[in-house]
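Visitor: What Swiss-Prot records for this protein is below:
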TRANSMEM  4-24  transmembrane segment
TRANSMEM  42-62  transmembrane segment
TRANSMEM  75-95  transmembrane segment
TRANSMEM  120-140  transmembrane segment
TRANSMEM  215-235  transmembrane segment
TRANSMEM  335-355  transmembrane segment
TRANSMEM  378-398  transmembrane segment
TRANSMEM  427-447  transmembrane segment
TRANSMEM  476-496  transmembrane segment
Amino acid sequence: MVNIFLIIVAVVIPALVALGSLYLIAYFQHPDDKNVAYFPKIIVILGITLAATSILMLPLDVANQGGKGGFPMDILWIVIYIVVAVFAIVICPFAMFFYESEEADPAAGSQIAGAFKGTFAILFAFAALTIVLYVFFGVAEIPTIVILSRFQIINYPIATDSINITTTLPEIASIVGGGNDKIKLDPGNPELLGNGSEYVEYRLDKEFLQFRVSIALFIITMVAFFGWLLFIIFGGIGLVALPFDMITDFKNRPQRIPYDKYLERKKKIGERATELVDVGKTIQSRTTGGIMSKRDRRNYNRFRQAIFLLEEDYERLKISYKRQGGKVILYYAQFFGGFIALGVSLGWLLHIIIYMITAPEPFHPFLNSLVISLNNAWGFLGVIVYGLLSFYLLFCVVKGNFKFGLRLFFLFPIHPMRVGNTMMNAFLFNVGLILITSVSITHFCTMAFSQFTSTTSINSLFETAVKNLKILKWFWVVYIFAIFAMSILTAIFLFIKPKDKPARIRV
């Protein structure tokens, strides 16, 4: 029977997320995008709603309790993740390419054609890689314990701590494979096991059950695989960078300055702007037909980073003089929020150490105990805490992506989210990133809260099929260590070089 309350929750939560997404666009969008770019805005709203829904489906799966709530969760998970894949690989890139088309050519057909070309390139690369890997490695190998025989000894109880038992019955010797009439049944022997209930089993635990997974499940695996790569890099960086920047921004907050100081700093910013204009013209002159060399693309990414830092410095200068330092209470709120974020990040890292790395026999359940206790006290408390912890990981991914592009390798242009100054291409890029990593974050949370999610459909999907695929299964062994290691390396790097500085552009 379908649980009416769960249906209401399943409808209301996505609706609230969609409304929140609409407010997010209104709050962050650039003035140039007001009353225009409706198609990208619709994609952003749907993408954020889809990502949030996929993460919040985990507590719904728990509440459903293996089908007692009436939802076919195994089917719903497959459907939601296929839709996530379509949005992340096709729809978001298409909307982004369409938005970024050259304004000099106003023909809608030209914009659509350009968007189709870019999207097709991404889709073709993903499809080709998926098909090749599916043909060779689309087989799951599930370790199994094969019970060759099982019998009961009558009137002779066996305790797990008992001494070896000797029997002279030829029948029993034949069952367990003995060559003589006498055989010892040892409860401590991994092949001849007594379970403390008068039963003895002869086991062979080196067998693997092999089966080819469906193409839909393998597509989900590929999305999860790439999501994990991004989550390891950006999530690991963001776990440290998010609280670090919130706290250090308070230290470097705009201070009230006199007029002469304002003019001096404004002059320096103007000189930097003039230099960047010349650099931009040089980069543009070396670009033919929209095609950039690897070196020019790196310079272009460095150029965008320098522009961003210049705009940040100018905004701080305006706040320091024209607004006399701004609203101090907001900086204090961010400062205390940074310590809250620090506590959450430390909580996640500690949970990784004492529960996830030490599995299957963890030192302590830690966050599992918190979520389960709150869930037992009142179901929504556990869901709220789970939602906050999982969405915090999404924020860390977005922050880590921005920090990565700003400070490290400049492999792709930065797409910062700034209040009242965020273009739609930045929205679309970050939504695509959130969609891809939402799959890996759900997988991560399934393992992190395994005591909370042990009977769920998503746990069976990830732990049975996805985690046991050929070749790829070795990747799942190291990713938890990789996230922790990335966070430690980021902490060391940020303490050595805490300030963002413009990169040197070699044109």
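Note: Cβ is positioned from N, Cα and C throughout, glycine not excepted.
Note that the structure is a prediction, hence the values are computed from the model and not measured.
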Visitor: Among 75-95, 120-140, 335-355, 427-447, which stretch has the highest count of C-beta pairs below 8 Å with the transmembrane segment (476-496)?
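Guide: Counting Cβ pairs under 8 Å, the winner is 335-355.
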Visitor: Out of 42-62, 75-95, 215-235, what stretch is closest in contact terms to the transmembrane segment (120-140), meaning most Cβ pairs under 8 angstroms?
Guide: 215-235
Visitor: Is the number of Cβ-Cβ pairs under 8 Å between the transmembrane segment (427-447) and the transmembrane segment (75-95) three or more, considering only pairs separated by 6 or more positions?
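Guide: Stretch pair touches.
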Visitor: Do the transmembrane segment (378-398) and the transmembrane segment (215-235) share at least 3 Cβ pairs closer than 8 Å, excluding pairs fewer than 6 residues apart in sequence?
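Guide: By the criterion, they touch.
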Visitor: Among 4-24, 215-235, 335-355, which stretch has the highest count of C-beta pairs below 8 Å with the transmembrane segment (75-95)?
Guide: 215-235
